[in-house]
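Report on the following structure.
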DNA sequence: GTTGAGCGTT
């Protein structure tokens with residue numbers, strides 16, 4: 001059965017999370033399940049996927065029920081060749097909620113309170129709160145998601161995590177294009193409409209601009225009636241320069 | 001169809 005990650009995160013507070021890196025982009029939870037389940041009881045397996053394409057990002061999270069089993073799996077599966085690629089198995093450092101994890105186990109924000117537990121905070125309430133907030137801000141949900149993707153893009157992330165932080169601008173061609181496209185798609189509405197209007201000759205369709213130059217309005221204007229033969233256009237374009245008859 | 005440091009969801 002492959003129902004991992006389809007029903008949301010189960011009780012991870014009592015499970016150990018393992019991080020599997022270096023896996024192939026085609027490896028799925030079903031492929032890792034038998035591998036990890038052989039060394040221990042796998043509670044759940046989750047593989048982050050891209051929301052745009054849906055492909056795996058190249059790493060998966062395996063949750064074990066016991067630490068000893070998880071440790072064994074790490075020692076046995078770490079360095080194992082899966083699908084022709086050597087995978088890297090290690091304990092997760094951060095949790096789904098950006099929480100700290102020790103030895104694969106999630107430590108709540110206050111390890112001391114774990115024992116005392118002054119606040120009777122159940123994880124159900126936590127999820128409920130989050131859901132409520134998300135539903136309430138459905139308006140900014142779209143923007144939030146879009147912004148998140150842009151910042152967490154594979155390219156952006158890779159460059160950001162580079163060993164040496166060298167902000168090279170030569171490689172920003174893709175980003176420039178994206179930015180330009182986005183700007184001309186939403187900002188061109190009230191940004192500078194007077195700059196793009198007076199550019200009929202700069203149209204991106206030269207072959208369809210004027211297939212018949214002989215019938216251009218200039219000639220008709222001169223032939224018919226020319227109020228200002230010197231400069232028909234307010235910009236004073238040298239229309240005379242061009243020979244009307246080729 | 002591609003790539004390869006890293007840390008997660010209905």
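Glycine is treated like the rest: Cβ placed from N, Cα and C.
Any TrEMBL annotation is an automated prediction that lacks curation.
Lifted from TrEMBL, the feature list:
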- A:16-94: domain 'RRM' (DOMAIN)
- A:100-246: region 'Disordered' (REGION)
- A:113-123: compositional bias 'Basic residues' (COMPBIAS)
- A:187-200: compositional bias 'Low complexity' (COMPBIAS)
- A:226-236: compositional bias 'Low complexity' (COMPBIAS)
Structural state census, the domain 'RRM' (A:16-94) (DSSP three-state): 20 helix, 27 strand, 32 coil
Within the predicted model, mean pLDDT of the domain 'RRM' (A:16-94): 91
